[in-house]
Amino acid sequence: MSLFGTTSGFGTSGTSMFGSTTTDNHNPMKDIEVTSSPDDSIGCLSFSPPTLPGNFLIAGSWANDVRCWEVQDSGQTIPKAQQMHTGPVLDVCWSDDGSKVFTASCDKTAKMWDLNSNQAIQIAQHDAPVKTIHWIKAPNYSCVMTGSWDKTLKFWDTRSSNPMMVLQLPERCYCADVIYPMAVVATAERGLIVYQLENQPSEFRRIESPLKHQHRCVAIFKDKQNKPTGFALGSIEGRVAIHYINPPNPAKDNFTFKCHRSNGTNTSAPQDIYAVNGIAFHPVHGTLATVGSDGRFSFWDKDARTKLKTSEQLDQPISACCFNHNGNIFAYASSYDWSKGHEFYNPQKKNYIFLRNAAEELKPRNKK
């Protein structure tokens, strides 16, 4: 299928400029709605790399599809193409040149989608759903890394049907991130492993989790020299850990903070605690965004250890987020995240992807 979303009405009125849409409880921040959003929960978002002119957004959903939009400078979105898996799509990523998109699915496969030809081919196979997918571009090799609930991490040359390497994980892969030459994988039972990717991928260190509850999302951050130096890890218990790989003072430099919590509705539960569904670092400022089951996004300055902004509450969870390559656009998905089980799923409820102008709100506190 080469195109989707041919309806002309949704998302085209009043969305020509950032922040000019009308507001209600599904969009209290008055952000731009992406046209023709997926028909089921949105599990992952990814913007195109800087090598591609313009901005293109990819979303994977529980409707088994992957969609691509062009995001114009005005903020308006144009549906471009769509591909299908035979199970929910759990993760997506881009090749460094922007010509390919890689997709991971509950159907136990990963695919490579050539955007120029609009053809998708299977490039990976696991014995259980594939939870994470990342493109690795090293000086001496390039490959796709897939993490699965079959407790393996596999590395694939896209020209071969067999993995170039298989690494065993202590448990099911729940989340991962890659910024060369570093990868981090968080697993079930609070497993946490850092890999180095130079020459060939290898395990660098196993880390005792700084969080007491199930890992949900992880994102690597860079130092002032633009090198990966640590990661932020989010859990189902409304908490994020900031962890440096080789900090000068571990007890002082590594810390956790509470987020995505609200005052409880009764005295026996003084606080409602929600899952952190996504973490994304601003590519210019190094500040970060978190999104949660509480239906809010928050912006943070980890160096000043302060909150920069919290959104109004949406009428359903925020399930995923990402920044575009220059940090001007913050994309976030509003859809059910299954954190309360299937009985709270309402198939009549629409799913949304919103775009927000992020240029000013994520500047660190000490920079005016």
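Using the three backbone atoms N, Cα and C, a Cβ is placed for every residue, glycine included.
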Listed range which Swiss-Prot flags as region 'Disordered', given the options 15-34, 35-54, 195-214: 15-34
With the cut-off at Cβ under 8 Å and a gap of six or more residues from its ends, the chain residues touching the repeat 'WD 2' (84-114) are 1, 40-41, 43-46, 48-49, 51-52, 56, 58-66, 68, 120-135, 137, 142, 144, 146, 148, 156, 158
Does the structure show the repeat 'WD 4' (168-206) and the repeat 'WD 5' (215-255) touching, where I'm treating 3 or more Cβ pairs under 8 angstroms (sequence separation 6 or more) as a contact? yes
For the repeat 'WD 1' (37-79), give me same-chain residues lying six or more residues beyond its boundaries with a C-beta closer than 8 angstroms to one of its C-beta atoms, as numbers and ranges. 3-6, 11-12, 15-18, 85-98, 101, 103-105, 107, 113, 115, 319-326, 329, 331-333, 335-338, 347, 350-353, 355, 357
Let's check the environment of THR229 (phosphothreonine): how many other CB atoms sit within 10 Å of its CB? 17
Under DSSP, is THR229 (phosphothreonine) part of a helix or a strand, or is it coil? strand
